[in-house]
Amino acid sequence: MPKNSKVTQREHSSEHVTESVADLLALEEPVDYKQSVLNVAGEAGGKQKAAAEEELDAEDRPAWNSKLQYILAQIGFSVGLGNIWRFPYLCQKNGGGAYLVPYLVLLVIIGIPLFFLELAVGQRIRRGSIGVWHYVCPRLGGIGFSSCIVCLFVGLYYNVIIGWSIFYFFKSFQYPLPWSECPVTRNGTVAVVEAECEKSSATTYFWYREALDISNSISESGGLNWKMTLCLLVAWSIVGMAVVKGIQSSGKVMYFSSLFPYVVLACFLVRGLLLRGAVDGILHMFTPKLDKMLDPQVWREAATQVFFALGLGFGGVIAFSSYNKQDNNCHFDAALVSFINFFTSVLATLVVFAVLGFKANIMNEKCVVENAEKILGYLHTNVLSRDLIPPHVNFSHLTAKDYTEMYKVIMAVKEDHFSALGLDPCLLEDELDKSVQGTGLAFIAFTEAMTHFPASPFWSVMFFLMLINLGLGSMIGTMAGITTPIIDTFKVPKEMFTVGCCVFAFFVGLLFVQRSGNYFVTMFDDYSATLPLTVIVILENIAVAWIYGTKRFMQELTEMLGFRPYRFYFYMWKFVSPLCMAVLTTASIIQLGVTPPGYSAWIKEEAAERYLYFPNWAMALLITLIAVATLPIPVVFILRHFHLLSDGSNTLSVSYKKGRMMKDISNLEENDETRFILSKVPSEAPSPMPTHRSYLGPGSTSPLEPGGNPNGRYGSSYLLASTPESEL
């Protein structure tokens with residue numbers, strides 16, 4: 001462009017100037033966009049394209065008040081209930097300390113690169129998940145819609161767990177705790193312990209009967225549980241108030257919801273290490289079972305945990321990073337948040353197994369006492385001879401070691417009839433090996449351990465307040481994954497849409513607070529997100545690395561960050577991560593086909609859990625959830641491939657301010673556009689503007705790469721550096 005052009009003269013001016021393409025190329029006076037209607041094709045009465053409004057929207061986009069607020073938001077979203085009750089379970093199940101090796105390896109080659117990728121595209125394009133993937137590759141724009149649907153599914157049941165925590169939180173303000181003893185009913189002068197509680201335990205009974213009032217199967221609805229319905233209403237009210245103003249309200253909440261769990265975990269760790277038997281639990285936890293490292297199942301579960309721990313594919317990561325400044329170092333953010341997430345998982349594991357070690361010692365002592373009473377009964381009835389009892393054994397102060405010695409002697413002598421005695425070995429390792437995960441860990445194992453704590457109500461209040469805050473941090477990110485892309489794309493009123501989402505989710509969530517609701521929570525948790533999210537993330541990776549172009553993306557990251565990211569990311573994005581994700585997807589599909597989907601049902605008459613398969617109607621619902629979550633991807637692809645849905649590539653207008661420019665295409669035919677651009681100065685414009693779209697999808701030349709224009713460094717002669725349509 002000539003040095004004396006009006007565009008060059010006004011490039012650094014503070015005055016906001018909006019001009020049509022004709023004005024820019026013909027060096028004419030700009031048209032006042034407020035007073036005139038622009039029509040690039042020259043037809044009178046064409047619609048005015050609000051390019052200036054889009055510029056204003058980008059400039060006025062909400063931003064985090066501080067870097068700390070943003071980091072806390074990302075931590076609050078990625079660090080959730082899974083760090084507390086799933087990571088410790090997987091660590092115990094898959095080799096203890098040896099499990100940390102595959103987890104760390106997969107965190108480096110899958111977790112951090114893909115987390116960095118989502119942070120980068122969100123910050124670069126400054127849109128939610130719908131706008132980001134529509135921009136990167138319009139034909140894969142369905143990825144953003146699928147992310148929103150998955151967030152909706154997860155939010156529906158995740159807030160139910162917050163509701164459970166709220167119920168236990170308010171029940172904790174009692175001494176003794178209401179789940180510390182079985183309820184007793186009196187029939188005249190006779191006190192009778194509730195049979196269901198006596199067969200199981202006080203904490204198990206309180207969870208299944210008092211809290212959930214659970215039915216025997218998913219087919220038995222049993223009506224609404226009014227206590228949990230009220231708790232769900234409170235949970236959605238809290239979430240609604242936290243997110244109604246966007247990051248202006250949720251950012252402030254994050255200061256408490258993200259930091260408070262660490263205070264509680266630190267307190268629990270100190271208290272747990274002082275408990276008798278805590279060291280047994282921690283040693284058992286981190287004793288490596290090296291043979292487990294060769295099991296492919298361990299690596300698959302480690303990959304799944306890495307995948308979900310960082311919140312990949314939900315859209316929350318993209319939404320939060322979209323409110324960042326352009327020059328924010330998202331590479332550092334990715335490494336920092338990933339490390340904090342891993343540190344939190346290990347910290348939670350220490351706390352959990354310190355407490356479970358204490359609980360295992362309590363339960364082992366109880367086992368020793370009960371079996372010692374059996375042995376005394378056999379001695380009194382001469383079923384066993386007193387000669388079998390070692391002389392140093394004192395039944396009034398019987399230790400686990402003495403009982404084990406006595407047990408082995410009796411088993412050796414009464415080998416033929418030993419099973420009839422009904423004696424248990426009472427080994428501490430057996431108690432520690434009992435795998436507890438999910439709700440069983442939080443609402444049964446932990447609550448039982450806390451009944452033995454001094455000042456147990458205080459610790460119970462702290463524990464469930466921590467769970468509420470962990471859940472709230474994740475729910476804020478999940479809601480951002482829904483509201484941010486919808487608001488960005490469809491320009492709906494923020495407050496009205498957010499409130500409407502919460503009201504809608506509450507009424508749909510009534511499915512989870514009926515007496516069979518826990519079984520639906522299991523279904524949604526196991527199947528509604530696992531496979532769809534895996535598909536979403538692998539398509540995100542392919543869209544950036546193979547369609548948009550890894551070299552191109554790396555070059556634009558260099559422009560944005562001010563330094564070139566390590567080539568490590570190039571190879572991870574291009575080859576390693578897609579391959580690992582493809583293997584994970586294949587393994588998930590195979591597992592879904594080989595293992596019939598089912599759930600653990602609580603049978604009241606047996607006072608025990610029984611694994612049941614989902615009935616046909618539940619299988620149909622399960623398949624529908626997976627299909628609905630993934631359906632937008634092929635639908636949008638087909639519609640845009642056959643040009644049945646516009647990709648926003650048919651308009652062209654230009655607005656610039658202080659040297660920043662953005663472009664948008666406005667009802668231009670290819671021939672009209674080329675003819676118009678070349679009509680004034682053909683010698684200066686040998687390469688026409690892109691005729692397909694403003695999005696830099698596959699096959700487009702990046703404005704940051706040398707183009708075909710001999711008169712400028714960039715192909716279109718413009719330096720685009722402000723808005724999503726012009727920054728990449």
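Note: Cβ is positioned from N, Cα and C throughout, glycine not excepted.
TrEMBL lists Gly76, Val79, Asn83, Asn341, Leu470, Ser474 with the feature Na(+) binding site. The compositional bias 'Polar residues' feature in TrEMBL is assigned to 719-728. Look at TrEMBL and you will find 681-728 tagged as region 'Disordered'. Feature annotation from TrEMBL assigns transmembrane segment to 70-88, 100-121, 142-170, 226-247, 259-279, 302-323, 335-356, 458-484, 496-515, 527-548, 568-594, 614-639.
Remark: the transmembrane segment (226-247) contacts the transmembrane segment (142-170), by the rule of 3 or more CB pairs under 8 A. Its own atom aside, the Cβ of Asn341 (Na(+) binding site) has 24 Cβ atoms within 10 angstroms in the protein chains shown. Ranking 100-121, 302-323, 335-356, 458-484, 568-594 by CB pairs under 8 A with the transmembrane segment (142-170) puts 458-484 at the top. The Cβ neighbour count for Leu470 (Na(+) binding site), using a 10 Å radius over every protein chain in view, is 28. The Cβ of Gly76 (Na(+) binding site) lies under 8 Å from the Cβ of Met254, Ser257, Ser258, Leu472, Gly473, Ser474, Ile476, Gly477, each on the same chain and at least six residues away in sequence. Here the Cβ of Ser474 (Na(+) binding site) has 28 other Cβ atoms within 10 Å, regardless of which shown protein chain they belong to. Under 8 Å from some Cβ of the transmembrane segment (496-515) lie the Cβ atoms of residues 152, 155-157, 159-160, 163, 212-215, 220-225, 228-229, 231-233, 236-237, 239-240, 243-244, 246, 479, 482-483, 486-487, 521, 524, all in the same chain and six or more residues away from its ends.
Only sequence-distant pairs (6 or more apart) were considered; of these, at least three Cβ pairs between the transmembrane segment (458-484) and the transmembrane segment (302-323) are under 8 A, so the stretches are in contact. Other than Gly76, Val79, Asn83, Asn341, Leu470, Ser474, the residues of this chain whose Cβ falls within 8 Å of the Cβ centroid of the Na(+) site are, in sequence order, Ile75, Phe77, Ser78, Gly80, Leu81, Gly82, Ser258, Pro261, Thr344, Gly473.
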